[in-house]
Amino acid sequence: MDHSMYVFASNGVPQESKLATYMNRQNTSTPVATNTITQSFAKVTLGSPVNSKKVTPQSPEFVPSARINTTNSSASPNFFNSFPGLSGTTTGPGYQRTVAESPHSGTISPHLTPQPSPPLTANNCSPIPHVPIEKPAVTVAAYQENVGGTTYFYPTSAENSVTTNDTLSSVNSSVGSSYQVYPGTPSHVTALKSKTGSSSFFIAEDTRMDILNRNALTLLQPDPGQFPDLPQDVDNYHELCPLEPIPTNSLQKALIGYQASMYKATHIKTGTRHCLRRIHGFRLQNTKCMTYVDMWKKLIHSNIVQLKEVFTTKAFGDNSMVFVYDFHPGSETLLTKHFASDSMNGYVDPFATDPSAPRPYSHHKNSILRHQQNNKLPEALIWNYIIQLTSALRIIHVAGLACRSLDPTKIIITVGNRLRLSCLGVMDVIINDTSTASNPVGLIQHYQQEDLTSLGKLVLALACKSTMAVQRENISTAVEVVTRTYTTDLRNLIMYLLSPQQRRSVTDLMPMIGARFYTQLDSVQTRTDVLENEVSKEMENGRLFRLLVKLGSINERPEFNMDGTWSETGDRYMLKLFRDYVFHQVTEDGRPWLDMAHVVQCLNKLDTGVPEKVCLMSRDEQSILVVSYAELKHCLEQSYDEVLNASAPTDNVT
Ligand SMILES: Nc1ncnc2c1ncn2[C@@H]1O[C@H](COP(=O)(O)OP(=O)(O)OP(=O)(O)O)[C@@H](O)[C@H]1O
């Protein structure tokens, strides 16, 4: 390398070099500091790398004959680890060096020399950074010294001198809190995960797909050409999107006895999506029923679609009553899920056989049994549903309310077999008898009993996989089919619910469910464990993302406060070189060196601000900066704050 090409400033830094620019901006104070780096440092022979992978810098001028010794667990060289005589306690955690002349046969820049990938454990954890045991430095003001033609730059802050006591206290305080890293899948989740597929640092594929699907459905907008009659706004809601074909025939009545339609809509002020159940052509006669609406609005439960508000509107061109609920994307009704007609999934309802067919009843019964056995739902699933539905009913009845719409069309199901009652409060408003009755409590108790009968019918229908099974003429056959196919417990539960003589209660069902509660609890908690692990991965990813946002907002910013060189100078210059170090390293033959573990480890160290050093080389290869992650973190925070503060709108001064 021909050094005569460069003009050296008094501090030994080539004036054209980026470091000179950096130093001009940065080194405003006259540093006075002691250090223990002496002449001998320049003569230190660098140890051989642990890495056996041979990579060389892009520029042959800087090909070292020996390389900085790196620790096994670190991608970036730690000078003080490599040279015991240069312990961080006496020299401070960071310095910068400009190579004016190679004092020894060569030195190395990690910018140009990919290091071995940080080790991963078998447990899929993030690369573990070097645990910091020193106080992170927070200064970059530099002191310089020319040693045999090489200028070294050291930080000057008193904070950089770390005493043994400091170190120990930092060790203590660092335990469990000094750095963040994904520790890998917990062993209790590993066993579960092996059933579901390989683990990764990102969210599991099935969960990802579920969430993507739900997000897409939440954002779905209808083609205005297809729904020209949709109003723009309905009360506080807009962006209406029908969830089912809008009934056109006035004879097409929903379960509630009126024409009804469902829409997804966005709240104008909050932007949240809701589900609007519109009852067509309905005029509210008196407002007493609103007491029930208020009671429903207060009911929150994981198996209930919460009622948010009720209003009347003429936005649809008629007098409509609208019930606003939470929106649960990707819902389907229990009817479509389990009782779909053969046009949907080839399923033929065995109870729907033409009664006029010349077939003996016994033959018919056997064919029902055969059919049911081929299509039957697993008993565990039926109990799962029973537990969820009784759980919702219990809270409703305890609140002094009745569901009054426990029907397969009014129970929605989402991923993971989660059931929710979806039409609560409607009956209390539409059939306004509870508020006008002389004994509303007695009436509610009557409806609660009806809820239990409806539950019995629903379970029977599920067990026979047919809604026809609950028709009066089919019930005895259906119960017989259940007796032959499922456990006595299930049969007893159905019989209890369908027996009109006694006064029944949801709590009486609990002993029948028995230990199945524990099975359900176990599966819910297991799922929570798995999802919590997904969250912990995404928490780490989110943290790194925020860090990248900060870096990205600073790196290569073309202009800041009228300063076109802002991102190339001062603190930002170090961050730019760090970015190169993290992302732009190349192999010996010039190929991009991509190593996710290296990237994650570097970012984790930056986020934590560990005192470990990293060598950064300028793009013109004229300077090497050796800085600690602590300093880089400080630079990042300071520079980002500058950008953030400048982004705030300034008041017009008149
Ligand atoms: N809260 C909700 N969030 C998201 N989708 C819902 C919600 N409630 C219902 N749905 C969906 O809206 C659609 C229509 O529901 P609805 O209750 O009207 O069922 P239905 O079978 O059309 O009953 P009916 O014949 O009585 O109108 C169904 O696909 C259902 O999954």
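Placed from the backbone N, Cα and C atoms, the Cβ positions cover glycine too.
Feature annotation from TrEMBL assigns region 'Disordered' to 86-120.
If you look up TrEMBL, you'll see 248-518 marked as domain 'Protein kinase'.
Within the same chain, residues at least six positions away from SER331 (ATP binding site) with a Cβ under 8 Å of its Cβ are ILE412, ILE413, THR414, ARG420, SER422. Sequence annotations record features per position, and here TrEMBL assigns ATP binding site to ARG277, ASP326, PHE327, HIS328, PRO329, GLY330, SER331, GLU332, THR333, THR409, LYS410.
Distant neighbours of the coiled coil (515-553): 126, 180-182, 185-186, 188-189, 192-193, 196, 200-204, 207, 380, 383-384, 387, 416, 575, 579, 600, 603-604, 606-607, 636, 640, 643; these residues of the same chain sit at least 6 beyond its ends, with a Cβ under 8 Å from one of its Cβ atoms. Positions annotated as coiled coil by TrEMBL: 515-553.
Per TrEMBL, the feature region 'Knob domain' maps to 554-654.
Ligand 1 lies within reach of PHE327, SER331, THR333 from the binding-site residues ARG277, PHE327, SER331, THR333, judged by a C-beta closer than 6 angstroms to any of its atoms. All protein chains included, PRO329 (ATP binding site) registers 19 other Cβ atoms within 10 Å of its own Cβ. In terms of DSSP secondary structure, the region 'Knob domain' (554-654) contains 50 helix, 14 strand, 37 coil. Note on ARG277 (ATP binding site): other Cβ atoms within 10 Å of its Cβ, all shown chains, come to 24.
Taken over all pairs of the listed ATP-binding residues (ARG277, ASP326, PHE327, HIS328, PRO329, GLY330, SER331, GLU332, THR333, THR409, LYS410), the Cα spread reaches a maximum of 17 Å, rounded to the nearest whole number. For the binding-site residues shown (PHE327, THR333, LYS410), fewest C-beta neighbours within 10 angstroms: THR333.
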